[in-house]
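Read through the structure below, which is laid out as structure tokens, and then see the notes.
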Amino acid sequence: MAPLTNLISASSILLGTMITITSNHWMTAWIGLEINTLSIIPLISKPHHPRAIEAATKYFLVQAAASALLLFSGMTNAWYTGQWDITQLSYPPSCLLLTAAIAIKLGLAPFHFWFPEVLQGSSFTTALLLSTVMKLPPTTILLITSHSLNPTLLTFMSIMSIALGGWMGLNQTQTRKVMAFSSISHIGWMAIIIIHSPELTLLAFYIYILMTFSIFLTMSTINTSSLPTLMTSWTKTPMLSTTLMLTLLSLAGLPPLTGFLPKWLIIQELIKQELTTTATAISLLSLLSLFFYLRLAYCSTITLPPNPSNKMKQWSTKNPTNTLIPTLTSLSTSLLPLTPMMLTTT
């Protein structure tokens with residue numbers, strides 16, 4: 001793809017994201033989401049492979065349906081209340097439609113079916129955008145309208161997402177599909193606390209973006225798309241394999257790494273809200289995700305004798321991400337001491 005096309009796509013994604021997260025009107029929010037959808041499709045279909053074309057088609061159909069539901073929700077609310085303001089969502093059927101639309105866009109269960117297939121058909125860079133940047137606009141709408149959402153429905157979808165994200169990731173051998181189910185599980189953690197503490201949802205989302213950036217950049221650098229190739233990565237790039245292992249353990253939520261922070265605070269807040277059963281359920285379900293994170297971490301650190309190949313020399317001298325990955329890994333593993341500050345702000 002030509003550099004100009006990449007620049008236009010990246011600029012359009014940024015523009016659509018800014019329009020959506022800064023808008024208070026349903027129409028402008030819908031326009032921003034549509035700009036985002038149309039901007040990412042050329043990046044998904046860039047490899048000119050049947051799987052990439054299939055992923056782009058699935059993404060377009062699903063996102064178009066979700067955007068139509070969202071616009072219909074806003075129009076129905078405006079018809080009955082006379083308000084086009086996003087924060088004035090009060091008509092119950094509109095609230096249900098909006099919850100379904102945002103769940104489809106985020107990949108929350110039971111609307112998660114499209115996300116693993118689209119990620120598997122995309123390149124690592126595009127998969128990174130789909131897992132992080134493209135989730136920011138719908139998450140923002142969910143935060144703005146959190147006071148109007150149905151707590152029971154959102155809790156049910158969140159627990160189902162955590163369960164399915166862990167269960168479906170157990171038998172996956174493709175790293176992008178594993179990261180897709182990991183994303184579904186983490187979105188469930190964010191959605192389950194959004195009504196009680198939107199600040200914790202933002203914190204969990206920011207930390208998730210940080211860790212996902214580190215993992216996808218590392219996997220892209222060492223070019224590992226499946227578990228068999230991940231097992232041989234140590235012979236080529238021992239340092240990157242070590243950083244990948246640490247970030248995966250952090251994404252799993254193991255203390256004393258950064259990923260433990262949002263899960264700890266979310267469970268603590270649920271207990272404060274007298275939702276001990278819910279906190280216990282998601283804590284136990286997170287053990288499913290822990291299994292495949294540990295499997296990935298184990299595969300990335302199978303300590304065969306290091307082989308200083310040309311690829312290893314290329315990483316150490318020419319790769320532009322050789323400073324970005326260690327920085328992201330350091331942040332992904334060492335932010336837990338900031339917990340007292342987080343507790344005072346939330």
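Positions of Cβ are set from backbone N, Cα and C atoms, glycine also.
Just so it is clear, the model here is predicted, and its values are computed rather than measured.
Feature annotations, reproduced from TrEMBL:
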- 23-288: domain 'NADH:quinone oxidoreductase/Mrp antiporter transmembrane' (DOMAIN)
- 290-343: domain 'NADH dehydrogenase subunit 2 C-terminal' (DOMAIN)
- 56-76: transmembrane segment (TRANSMEM)
- 96-115: transmembrane segment (TRANSMEM)
- 152-171: transmembrane segment (TRANSMEM)
- 178-197: transmembrane segment (TRANSMEM)
- 203-222: transmembrane segment (TRANSMEM)
- 243-261: transmembrane segment (TRANSMEM)
- 281-304: transmembrane segment (TRANSMEM)
*the transmembrane segment (281-304) versus listed stretches 56-76, 96-115, 152-171, 178-197, 243-261: most Cβ pairs under 8 Å*: 152-171
_Can the transmembrane segment (96-115) be said to touch the transmembrane segment (203-222) if we require at least 3 CB pairs below 8 Å and skip pairs under 6 apart in sequence?_
no
*Any residues 6+ beyond the ends of the transmembrane segment (56-76) with a Cβ under 8 Å from its own?*
26-27, 29-30, 33-34, 37, 40-41, 44-45, 84, 86, 89, 91, 93-95, 97-98, 100-102, 104-105, 114, 117-118, 121, 130, 141
